[in-house]
Amino acid sequence: MATLTENANWGTELWDQYDNLSIHTLKGIDFLERYGHFVRDRATIESEYAYKLRRLVKNYQPKKKDEEDYQFTSCRAFKALMTEINDMAGQHEVVAEDLQANVIRELTALVKDLREERKKQLQEGQRLSQSLQTQIESLQRAKKAYDKAFKEAEKAIDGFQKADADFNLSRAEVEKHRANMAHKTQTCDQAKNEYAVQLQQTNQLQRQHFRSGLPEVFRQLQDLDEKRIKNIKNFIKGSVELERNVFPIINKCLDGVLKAADIINEKEDTLLVIEKYKSGFQPPEDFPFEDLSKGGSDSGSANNLNNIQLGSKIKDGGYTVKGTITGKAMKKRAGIFNIFGSRGKLTEVCMAIKNAAIADGKEDLSELPPNQRRKKLMQKIEELKTKVTQETAARDGLMKMKGVYEGNPALGDPRTIESQLNECSHRLEKLQQDLVRYQGYLDEVVKGIQSGNLTNSVTGSPRLLNGSSRIHRNSGGSAAEENSLSSCSNSPESGLGTSHTSLHHADSDQDQYDGNHADPESEYYEADVLPAIGICRALYAFEGTFSASEGSIPMAQDEELHLIEVDQGDGWTRVRRINGEFEEGFVPTTYIETSLFNT
């Protein structure tokens, strides 16, 4: 078999394979179209992948309530990682868009052009074949006519020869056969000439058909098929190039992920935990030994021991955090919320003093542990300094504008600036006063921390929640008010005896309830923190005003809290704040939806 070269073409090598070439070119175009479908589906996958990456990043973005946790290096690294993943999603979108614009669109147009060109060339081949077939049929008819005329001429010649040799026939008969012979011979010659002409035309057309006409059609089909194959190659390379163009950016994103990982520092995070949760209290001192043989005992030490032992009562359903009782002792809970119902005057006095103390505590943040208080006060001071700077700049700007107006009244009336300047000065003065006041609070807590005389309330010293551990003298409270507040502070509805670290003295307020020192369930202490039994979400915002619901805490809409105790039929549920500083209290049951942990 002869070896084919690159110059071999379909016209000479496949001159008789019209049908096979027609089928082959059709399959080739169908294959190109299938490749186009593959690229289209590939672009769809890239687009969907980018969408899912973006959605993944969106789902794991930190919520507002979790932003405080993102001061840790691991959390910051995770946030940076999500940013890089989001950028990578954008690059996959670029790949999808470029495949759609630069490959799929051109490929679809090419398929359409190739189909039209193939159809055109096949129609030309059919026309040429039809012309040759028509010419062959004309040749066959001429040949048939020539055969018939030749036979008739031979017969006429044979008849004339016989008649001429027969002496019995007349001269007229012989001439008749002669004339017939001449006519048939002439007709045969004409048919022969016609056959020769048709044969010449047919051979010429056949040579033209198989040497130029049909080869040209096949050459066009060959060019069409080579164009198809070449474009598949170009499309594949182009697709690769599109992806390679985004690789540098994706690599940068991956480098960003590595940089995000490098910022993770376990030591820094552990120090941040210390900074975030350090209370500033000193560890409790040792319990003194009580020698009963010497007679008497220190009541304060006895109280301390009694208070410490209260933690074990939680297991038996006795006492819980915040001076309230657990589920087993909830039978007295309804009475707790109405305990001051018959003592209207005392209740009013307690509430007035308590609200004043709470308002003062919220300002100086005295409800927080010393170290946390110091940090919050420093943040507040920085905020005030920023506001002072802004107000100072605003005041200076107004003063400059006033000077311009005074120098050129045509620009404006200076009196219009006076009111704005006065308001700005008042705001600035108030901010400066606040700054001095908060700086005083900070100095106070710093001196307390440096003196080292701060002790945790688990040693027996009472410490009330919400900043009510003391009545500030600068609030104008009297000693009588302090005593009245003390008489109110041990009940859960007062909202003052709710610290998770305080242990109230058993003998301080017991007589106000039933006067029975022997009944442990008539006293309300604080012990270890109760474990959460579920999660609840706030359906509505709740301000937690003490006039509306004693012992309550505020909550924002959609805020999630730990569920501590379920509603016992009084319409209130006990919850604890999940994030931020420790805070625990009651919220309306109808304001939340709860989900208990599986046990």
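Think of each number as a place in line: the chain as shown, counted from 1.
Quick reminder: no glycine exception, Cβ is built from N, Cα and C everywhere.
Caution: TrEMBL annotation is automatic and unverified by curators.
According to TrEMBL, the protein has these features:
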COILED    104-208  coiled coil
COMPBIAS  478-497  compositional bias 'Low complexity'
COMPBIAS  504-520  compositional bias 'Basic and acidic residues'
DOMAIN    8-269  domain 'F-BAR'
DOMAIN    366-444  domain 'REM-1'
DOMAIN    531-597  domain 'SH3'
REGION    285-304  region 'Disordered'
REGION    452-520  region 'Disordered'
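Under DSSP, the residues of the domain 'REM-1' (366-444) split into helix, strand and coil as follows: 71 helix, 0 strand, 8 coil. Applying DSSP to the domain 'SH3' (531-597) sorts its residues as follows: 3 helix, 30 strand, 34 coil.
Summed and averaged per residue, pLDDT over the domain 'REM-1' (366-444) gives 85.
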